[in-house]
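Chemist: The following block contains the structure, expressed as structure tokens.
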Amino acid sequence: MGITMFKEFKALLSFFTRIPIYVEDFDFENIANYFYLIILIGYVFGIFSLILGYIFSFLLPNFLSAVLILFFIEYLNGFHHIDGLIDFGDGWMAVGDKRKKLMAMKDRYIGCGGVVFAIFFNLMAVISLSYILDINILYLLVGEVCAKLGMLSCSTFGNPLIEGTGRYFVKKADEKFLTIGIILSLPLLLIFSGIERKIVIIAIITTIITGLCMAKIAKRHFGGVNGDVLGASNEITRVVVLLSIIASIKVFSIYLLG
């Protein structure tokens, strides 16, 4: 990793987490040139969740452990992605054309759509995490890396809105960025073997498709992708990936028993 790349990675880490990192000359245009490094931030979140998982699951029941893991993950990113999910839900459920939906997504009030989205996806995340703790705790790492890959996928397939900091990332992201992101995700395969490795491959494919779907939904409802959509992509992708892992395990179990 070159000096410039390391500098921009520090800036990305500072922007997407609450980790106190000194960054001089914070420039979104420059940071966006290395947006694919967000996958490495996914590893940071994943390792953090693994540490929490080992500690809490030793002391508490899985459900309570899952609640605490999700809370501290969201705290580490400053609750920005949940905020994006709430705004995304408000905008999606708003009645009217793209302009009205975008206004609903950007206003400072929380509507019913945002509340329901936040409750539903966080509840699904907690339940899924509690199952994962019972199956294989290493899938926590997969979930966080894939959540960031989902953001990159959404950026790649989406078109940027005019306003907001998210436009810098969406404008720069392309197929090359996504390819690098996928390559950076492949080390996940090294910590699994056999059927579990196939499940991780399914999770990565599911992630890319989820990001594509988020980009298409954003274009239809808002005209493009902004920071709120990217934040929502992170939260929704995590849930979809964890569900795909749980479902794949069940399908493979039935296949093997049959």
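Quick reminder: no glycine exception, Cβ is built from N, Cα and C everywhere.
Residues or ranges marked as transmembrane segment in Swiss-Prot (evidence: sequence analysis): 35-55, 56-76, 113-133, 137-157, 175-195, 198-218, 238-258.
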Chemist: Can you name the far-off residues of the same chain, 6+ from the ends of the transmembrane segment (56-76), with a Cβ under 8 Å from a Cβ of it?
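Modeler: For the transmembrane segment (56-76), the list is 17-19, 45, 48-49, 82, 122, 125-131, 133-134, 137, 140, 144.
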Chemist: Can you see whether the transmembrane segment (238-258) and the transmembrane segment (35-55) are touching - at least 3 CB pairs under 8 angstroms, only pairs 6 or more apart in sequence?
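Modeler: By the criterion, they do not touch.
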Chemist: Considering pairs 6 or more residues apart, do the transmembrane segment (35-55) and the transmembrane segment (175-195) have at least three CB pairs under 8 Å?
Modeler: yes
